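A short worksheet on the structure shown next.
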Amino acid sequence: MIEKSQACHDSLLDSVGQTPMVQLHQLFPKHEVFAKLEYMNPGGSMKDRPAKYIIEHGIKHGLITENTHLIESTSGNLGIALAMIAKIKGLKLTCVVDPKISPTNLKIIKSYGANVEMVEEPDAHGGYLMTRIAKVQELLATIDDAYWINQYANELNWQSHYHGAGTEIVETIKQPIDYFVAPVSTTGSIMGMSRKIKEGHPNAQIVAVDAKGSVIFGDKPINRELPGIGASRVPEILNRSEINQVIHVDDYQSALGCRKLIDYEGIFAGGSTGSIIAAIEQLITSIEEGATIVTILPDRGDRYLDLVYSDTWLEKMKSRQGVKSE
């Protein structure tokens, strides 16, 4: 056997996690804002963590075998992560998606060989989540040995982030953390990471960033275009009492946040990252200078070239929000 250095992994899956953290000096010069670059996971997003954790847990406990057919409703990133891992482990996968998935994400999922079921009808809230869930239930009833990942209700979702990025953040940041800011959709990442962070930094304030029009925190549903943030249902794994503050951001603000991040820091990240940047800009107007803020950048920008990085899309969102051109 050829001797390998510690830097050489046996599998691509071994490279999930241990993502770098950078301080956003240029964008937030009066505060210490540290961003964990979750888009540097091999599948391009933080969703690699729950995908790997849930599948490996299922295999370990006999819930997933070589004959299992994985099923999940996804807006893109988890679908990519599951497709990557399913390909490596030789498992069948069907992703239930909707028309708001970015064209790039859809192509990546298909390139990995996963089956794709596209729903077309929006649900009662104007989104597609409940329609996707109904399709999942239909597939579970018709496919033998099907296993539903069920990210909105699966406790393994938040546990993957608790043991993963949450632990890595605590190991990296030695000074007191004043605020942890994270986007929400399934709420697995904010629940898992914040629980780990609070163990070492009990005074940290947990700030959720949600999309305007999302119903997670009780707001009325309105039409949303940006995938990967917000939801048209309340996730079962959410514990609202653990969230100190919620900041809602619209699609236009999110796009501007993405563009500011690349202009000031050279970081090319996805739509929900723009939401985070916009939320932190709001947060710092009401907190002390020099506060330590920790956040995550969930996915890569190249998956949003037709969305937040499209001038045509930006103008459409600007018009929708009633913003006047200068």
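Yeah, the Cβs are placed from backbone N, Cα and C, and that goes for glycine too.
Note that the structure is predicted; figures quoted are calculated from it, not measured.
As written in Swiss-Prot, here are the features:
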{"type": "BINDING", "residues": "N77, S185, T186, T187, G188, S189, S272", "note": "pyridoxal 5'-phosphate binding site"}
{"type": "MOD_RES", "residues": "K47", "note": "N6-(pyridoxal phosphate)lysine"}
Given the binding-site residues N77, T186, T187, S272, which one's Cβ is surrounded by the fewest other Cβ atoms within 10 Å?
-> T186
Comparing the Cα of the residue listed as 'N6-(pyridoxal phosphate)lysine' with the Cα atoms of the binding-site residues S185, T187, S189, the shortest distance belongs to S189
10 Å Cβ neighbour count around K47 (N6-(pyridoxal phosphate)lysine)?
-> 30
Per DSSP (helix/strand/coil reduction), T187 (pyridoxal 5'-phosphate binding site) sits in coil
Pyridoxal 5'-phosphate site span - longest C-alpha distance across N77, S185, T186, T187, G188, S189, S272, in Å | 15
So which other residues, same chain and not among N77, S185, T186, T187, G188, S189, S272, have a Cβ within 8 Å of the centroid of the Cβ atoms at the pyridoxal 5'-phosphate site?
-> M46, K47, Q151, P183, V184, I190, G228, I229, P298
Residues with Cβ closer than 8 Å to the Cβ of S185 (pyridoxal 5'-phosphate binding site), same chain and 6+ apart in sequence?
-> S75, I216, G228, I229, G230, A231, P235, S272
